[in-house]
Amino acid sequence: MSPVYVNLLGSVGLLAFWYFSYRWIQRKRLEDPLPPWLRKKKACALTRRSRHRLRRQHGVIDGENSETERSVDLVAALLAEAGEESVTEDTEREDTEEEREDEEEENEARTPEVNPIDAEGLSGLAREACEALKKALRRHRFLWQRRQRARMLQHNGPQQSHHAAVFCRVHGLRGFQVSVWLLLTLLWSTGHGVSVRCTYHGTDVNRTSNTTSMNCHLNCTRNHTQIYNGPCLGTEARLPLNVTFNQSRRKWHSVMLKFGFQYHLEGWFPLRVLNESREINVTEVHGEVACFRNDTNVTVGQLTLNFTGHSYVLRAIAHTSPFESYVRWEETNVTDNATSSENTTTVMSTLTKYAESDYIFLQDMCPRFLKRTVKLTRNKTKHNVTVTGNNMTTLPVWTPECKGWTYWTTLSVMWRNRRSALLRAKSRALGHWALLSICTVAAGSIALLSLFCILLIGLRRDLLEDFRYICRDEGSSSTKNDVHRIV
């Protein structure tokens, strides 16, 4: 499994553990924290004290019927015979403390302290804040609707005001749903099925010892809407295809894309193949540069080249890692002719030489090209025109001294270095994700420790009360054991 998914699952598991731990602690806070045997004993003691308090309030306390007083008198008599008068004082002190605790319980019952954090934890506080916000929004909406009805009644009369109020209520109920539906529809209509295709046709191919030239005509459409029709030469200058900002940190990127458009749209690409395959006898060239979104809404770029019945296709999928895809040109319309097979081998070797650069260029260019052509189709009067001019595209034999060759070499080296950087980054990815995992675990541990400390601080009063009760119960049980031992 990929380290990305491992860390994602670990983070989700840590959040789930934190959430369920918090819920368990909140549930335990609402329960009695004492064990069952101590809880039963405490309930009995509270029952006796409550009964004693009620009898004292109604004035029906009888010394003969009071089990507590009778037991205290018996213990006092036994200890008096043994000469232990201090026990009587301790018993009286315990009675005084019980009466004081009863008074405190009565005061707390009269003025209960309501704290949402002590009662239900952070969920209670959040619930109260949410209820207060709902009340404020409901109040604001009611006042706004009343002002709207008053304004409509003042300007249009009672009947039209009734219709306007009904419309406002319907709009308030369904406006958000309609807005979301329209937004999703707009995104789907603008993002699904978009295609931009630029096809070129080269005729009168003429090759000399120093240059290769041809008459080239280009036609570009977006969803069957024409955005350019004219000679290949000067296409990049006539179409505002500045798909990147010409900033200092992106200057090399802008240069690469600019030369890439010139290379593929102005006919340099087939001329380079013809220059490096001079033994092929070709008189006509067809080609296409296409960018489209497939049925799964994934951007795909495609280069097509056709030499006298032989077609070569290169496809690139955007937003994918170059090292995870197999880059190669595919050949179609294969014949069994020996001469044709030899020519095909020569062309394939020439195309394979820079296939990686063409692939990465399509990955980078197609998403930007699709977004850029949206503006071209909106302004039809300015850019949807037929351009006339010189159709002749000439390219010298590509030697290291040629400017185009220098650009293309720099472009290929940059893309090759970019691919190497991605490969090196992939080898270091595991170390980065391991560091992220350690930081995630440490942050989760700190969060759990903080939660425990916060809950401990919030429960300090209950814990101290439980400890005092346990200590008092242990002290009374030791006194009873001493009495039984004396008896």
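Placed from the backbone N, Cα and C atoms, the Cβ positions cover glycine too.
Positions annotated as compositional bias 'Acidic residues' by Swiss-Prot: 83-107. For ASN206, ASN210, ASN219, ASN223, ASN246, ASN275, ASN297, ASN306, ASN337, ASN343, ASN379, ASN391 (among others), the entry in Swiss-Prot reads N-linked glycosylation site, with the evidence type sequence analysis. The annotation region 'Disordered' is assigned in Swiss-Prot to 83-121. According to Swiss-Prot, the signal peptide annotation covers 1-22. As annotated by Swiss-Prot, transmembrane segment applies to 433-459.
Of ASN206, ASN210, ASN275, ASN297, all annotated as glycosylation sites, the residue with the shortest Cα distance to ASN219 (N-linked glycosylation site) is ASN206.
For ASN206 (N-linked glycosylation site), the nearest of the glycosylation sites ASN275, ASN297, ASN306 in terms of C-alpha separation is ASN275. Here the candidates are the glycosylation sites ASN210, ASN297, ASN306. The one whose C-alpha lies nearest to that of ASN223 (N-linked glycosylation site) is ASN297.
Of the recorded residues, ASN306 (N-linked glycosylation site) and ASN275 (N-linked glycosylation site) place their C-alpha atoms 16 Å from one another.
Taking only the Cα positions, the spacing between ASN297 (N-linked glycosylation site) and ASN210 (N-linked glycosylation site) is 45 angstrom. Looking at ASN275 (N-linked glycosylation site) and ASN210 (N-linked glycosylation site), their Cα atoms lie 9 Å from each other.
Under DSSP, ASN297 (N-linked glycosylation site) is assigned to coil, being neither helix nor strand in the three-state scheme. In the three-state DSSP reading, ASN223 (N-linked glycosylation site) counts as coil. Of the glycosylation sites ASN206, ASN219, ASN275, ASN297, ASN275 has the largest number of other Cβ atoms within 10 Å of its own Cβ.
Remark: of the glycosylation sites ASN210, ASN223, ASN306, the most isolated position is ASN210 (fewest other Cβ atoms within 10 Å of its Cβ).
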